[in-house]
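As recorded in TrEMBL, the features of this protein are as follows:
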- 1-25: region 'Disordered' (REGION)
- 11-23: compositional bias 'Low complexity' (COMPBIAS)
- 33-55: transmembrane segment (TRANSMEM)
- 67-90: transmembrane segment (TRANSMEM)
- 102-120: transmembrane segment (TRANSMEM)
- 140-158: transmembrane segment (TRANSMEM)
- 179-201: transmembrane segment (TRANSMEM)
- 221-245: transmembrane segment (TRANSMEM)
- 250-275: region 'Disordered' (REGION)
- 297-315: transmembrane segment (TRANSMEM)
- 345-368: transmembrane segment (TRANSMEM)
- 380-399: transmembrane segment (TRANSMEM)
- 423-447: transmembrane segment (TRANSMEM)
- 459-480: transmembrane segment (TRANSMEM)
- 492-513: transmembrane segment (TRANSMEM)
Amino acid sequence: MESGVRKENNPPSSSFSLQQQPPATNPSPLRKIIMVASIAAGVQFGWALQLSLLTPYVQLLGIPHTWAAFIWLCGPISGMLVQPTVGYYSDRCTSRFGRRRPFIAAGAGFVAISVFLIGYAADIGHLSGDSLTKTAKPRAIAVFVVGFWILDVANNMLQGPCRAFLADLSGTDHKKTRTANAFYSFFMAIGNVLGFASGSYTHLYRIFPFSRTKACDVYCANLKSCFFISIALLLTLTILALSYVREKPWSPEGSSGDGGNEEEKEVEGGEAKESTPAPFFGEIVAALKNLQRPMRILLLVTCLNWVAWFPFLLFDTDWMGREVYGGDSSRNADQLKMYDRGVHAGALGLLLNSVVLGFTSLGVEVLARGVGGVKRLWGIVNFILAICLAMTILITKVAQSNRRYTTVNGGTHLLPPPSGVKAGALALFAVMGIPQAITYSIPFALASIFSNTSGAGQGLSLGVLNLSIVIPQMVVSVAAGPWDALFGGGNLPAFVVGAVAAAASGILAFTMLPSPPPDIPSNKRAPTSSSAAFH
């Protein structure tokens with residue numbers, strides 16, 4: 001975030017002062033914003049397939065369980081490095097195709113390549129010498145890991161510029177900025193629904209009969225087929241959006257935040273000096289050191305918010321299989337069967353969650369007006385999230401107290417939980433779609449609004465915001481297991497920490513998070529280079 005913003009009649013106090021915002025323009029029509037936001041459906045389709053299908057595929061390739069955690073760490077690591085990097089360079093891109101469109105197109109292309117590598121990992125490994133009779137397939141594993149890392153890098157390369165493009169199209173219209181991010185959240189929900197539904201249909205491979213080979217069984221062929229559809233959807237949406245919504249080429253000479261010629265040069269020691277960007281890592285460090293108060297508070301609230309979310313996002317289906325259904329993936333066949341039933345019930349819960357997420361996303365603006373502003377809305381839903389995470393304890397205890405068994409042929413077999421317990425757990429998944437919709441839209445909208453006010457580049461701003469998401473993910477991924485083991489195993493200890501973090505995030509949103517400036521009619525809107533209104 002380029003927070004060394006120049007004020008009138010004051011010399012710059014830092015070399016970190018180059019403005020990367022284009023001149024303020026009227027916001028684009030809503031139809032163009034919706035077209036760009038629709039790319040999120042293609043991106044999230046792929047993420048949903050990862051969540052629902054890739055873990056069993058990892059086991060099919062024979063990847064050791066201890067490696068799985070390191071593979072899944074690719075997401076937060078690439079998010080921590082790629083999004084700020086891509087954001088920084090997309091702010092400065094002078095391509096004739098625009099600032100954001102080249103990165104979005106490249107990201108979509110790399111997603112297609114990576115998905116091909118993942119889907120055909122078993123076939124490539126077999127052609128390279130992997131034995132079909134051995135459990136571990138080292139060459140297939142190598143192809144899979146390369147493809148998986150490319151996929152995460154490409155997804156991060158795609159999402160950051162998409163969000164920044166939406167902010168560019170919204171201009172200084174704060175309401176349209178919030179609406180753009182709400183539509184992005186809505187299309188993420190659409191992608192989730194499509195992804196979970198495709199992953200649950202086990203005969204999809206029949207549409208692509210060539211996908212089943214000697215090295216790739218029915219399950220693997222179904223994964224390939226899902227990925228084929230995912231690629232087609234993403235590329236179609238990306239091509240349509242980038243063809244319909246054009247960007248004007250950007251040049252540093254005409255990029256001053258207030259349109260004044262004096263902004264094109266800095267005066268230092270009485271001599272005119274052209275503004276030049278600091279080296280990338282130096283500018284990232286300067287961005288973090290010189291963050292203005294609105295962004296600092298926003299990063300803190302977002303960080304706590306995601307500390308609350310990640311335990312549930314990582315272990316939601318495991319909680320259904322283990323705590324609610326009483327199964328265990330490492331015990332006897334009876335408990336393994338019950339665990340699988342719980343995981344499938346969790347997948348249904350995720351589908352319900354996505355439906356509620358989609359509908360809530362369309363009503364974010366109405367909800368914000370109803371409660372008195374976006375910061376209050378975010379605070380309220382954080383408390384809803386805290387209550388939901390605390391309710392996992394109650395549902396777990398009720399499920400344990402109502403655990404039922406039956407005797408067949410002298411053997412004792414575990415029965416599913418009562419219908420009331422299952423309904424309560426599924427209702428919990430659905431209700432959590434409400435705070436999730438706000439989490440997927442409001443923080444990004446606020447970051448864009450704060451960036452517009454301070455004159456910072458949208459790409460770098462959203463990349464820095466992403467740090468407050470991926471760092472909690474890495475912490476939770478590494479610490480959740482030992483923390484749960486400290487209290488006897490299970491998922492509840494991590495959920496309790498999440499509930500506390502959600503409550504803290506809600507308190508900070510209410511008490512410390514600055515309110516965005518009021519919406520200004522477009523005919524009165526003018527660019528500003530001061531963030532004093534936030535203090």
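Any Cβ shown, glycine's included, is placed from N, Cα and C.
Note: TrEMBL annotation is automatic and uncurated.
Here the structure is a predicted model, which means the values were calculated and not measured.
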### Task
Spell out yes or no: are there three or more C-beta pairs under 8 angstroms between the transmembrane segment (297-315) and the transmembrane segment (179-201), with each pair 6 or more apart in sequence?
no
### Query
For the transmembrane segment (140-158) against the transmembrane segment (102-120), do we get 3 or more Cβ-Cβ pairs below 8 Å once near-sequence pairs (under 6 apart) are dropped?
yes
### Query
Based on Cβ pairs under 8 Å, which of the stretches 221-245, 345-368, 380-399, 459-480 lies most in contact with the transmembrane segment (102-120)?
221-245
### Message
So, taking each listed stretch (221-245, 345-368, 380-399, 423-447) in turn and counting its Cβ pairs to the transmembrane segment (179-201) that are under 8 angstroms, which one gives the highest count?
### Response
345-368
### Maximum Cβ pairs under 8 Å to the transmembrane segment (345-368) - stretch from the list 380-399, 423-447, 492-513
423-447
## Note on the structure
Other same-chain positions with a Cβ less than 8 Å from the transmembrane segment (492-513) and lying at least 6 residues past its termini are 294, 297-298, 300-301, 304-305, 307-312, 315, 319, 323, 375-376, 378-383, 385-387, 389-390, 392-393, 396, 446, 476, 480, 483-484, 486
## Note on the structure
Sequence-distant residues near the transmembrane segment (423-447) by C-beta distance (under 8 Å, 6 or more away from its ends) are 163, 174, 177-178, 180-182, 184-185, 188-189, 294-295, 298, 301-302, 305-306, 309, 312, 316, 320, 324, 345-346, 348-350, 352-358, 360-361, 364, 374-375, 377-378, 381-382, 384-385, 388, 391-392, 395, 398-399, 461-462, 465, 513, 516
